[in-house]
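Following: one structure in structure tokens, then a few remarks.
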């Protein structure tokens, strides 16, 4: 009897510990206990998890938001712990309660877990357990439950019977017309997702009227979400219904009084263009896009400017050039001189992509002057975006047309006060090297590449060494020996120890690409001579460099030249020098 009692006590232990911890005043302790729920469920077994743990959790949902968030997340992964899909409905009561709490993050996580759990329900279980839950939430007194309900329609709709589908559509229509803006916002946000799973005839009869209704809502936060759904809804309709059912809303929202709504239309414009097809894109969307490019708000112009290349590329080939030259190009000319730098920057990131679309003649006559204007812009991001996309123009007209303006722009960016701008131009140097040709590069830009090696910002010096490696890969070891190595070697004699360290960093990367002969004959002697440097940091970097160079050296010099220097450094008074010397000796021996 006693043994039986102790067995019962032991089986109750996990629940008892959980109850104690969930009543503890320390939030962190309660949070930790929630995160261990799966372990407790495993200890209890599936039957007791269903009959004891889940009801207990359902009854004790009152806590700090972070604890509830952890609980909502845990329950989404509980399917196997309650016995698989057959018992998935056991998880619905606690998640239903969590879907009604005030904190949005908790509700969203509860909805995400409910959506995951719904996938494990059979069609019969959906109708018996899940759909009633959706209906209860949709009819709840508090807006929180109604807002949560909006995210659950699409996951159950496809697997229920026709009468239940009709009920779900009716509930969704009610939510779209709810008195509370937060609920209408949630419905507008999920409208596109729900429309994807609803039959086309009901999209037209039930959802399009709701889409139009939400797109005219008094709250701009609702209208902008309806505008976001435009492309999704349009993609579901046959072309003949597009003009009547979708386009009036697109036109109205593109001219909305709220700039946020117009911004959303501009941001989703390419998706909308692909959804409505080439005919409507030509007859209607081109004019709307033209209006967005000259919008009064800079944010809208910037969003539209960033879509110029994709919009032009997706136009019907028969009318593409005509639309670009007559409707888009005049707006682009204005945007190049826009007072807002974000607009100019967005345009500069895509304008070069128009060259392959409009061809050589139009690029030279119309686009080239705009590129040259942007290369002289006072905003570094604009100049940088033009230089970043040079390859598009190079393919169409070659880069020589731009060279005279390109050089001053590169030099200015290379000396910009913002180090991130300098870093970005360094990263584009190998690309420029390939496009400008070796002779021009030697004459105008090699000196610039060397000057970055003594920049006061470490990230620039580091990027400059990698840049040298890429240039040598492009132009070859002979070019490096003539044009780069003499200038780099001069740094080994600099007074500033940081410059001497940068020299060693350069050798680390150059030895990989210069070949065995140059590395052994030219680079190695200077590195060996620096082992007597009076700065310990330089000496231990000599040890590290020798280890990195070893695979690229002539094996005949390792024993007579490299090993003695490393052994000397291995008895250096500085502990770091000794450590790296011993590492190098071991690395070379291995």
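The backbone N, Cα and C atoms fix where each Cβ goes, and this holds for glycine too.
Here is what TrEMBL says about this protein:
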type	residues	note
REPEAT	14-52	repeat 'HEAT'
REPEAT	91-129	repeat 'HEAT'
DOMAIN	98-249	domain 'Stalled ribosome sensor GCN1-like HEAT repeats region'
REPEAT	168-206	repeat 'HEAT'
REPEAT	207-245	repeat 'HEAT'
REPEAT	246-284	repeat 'HEAT'
REPEAT	328-366	repeat 'HEAT'
REPEAT	367-405	repeat 'HEAT'
REPEAT	406-444	repeat 'HEAT'
REPEAT	523-561	repeat 'HEAT'
REPEAT	562-590	repeat 'HEAT'
Confidence summary (mean pLDDT) of the repeat 'HEAT' (168-206): 89
Cβ-Cβ under 8 Å with the repeat 'HEAT' (246-284): same-chain residues at least 6 beyond its ends: 208, 211-212, 215-216, 220-221, 223-228, 230-235, 237, 239, 291-292, 295-297, 299-300, 303-304, 307, 310-311, 314-316, 319, 323
Within the repeat 'HEAT' (207-245), residues counted as helix, strand or coil by DSSP: 33 helix, 0 strand, 6 coil
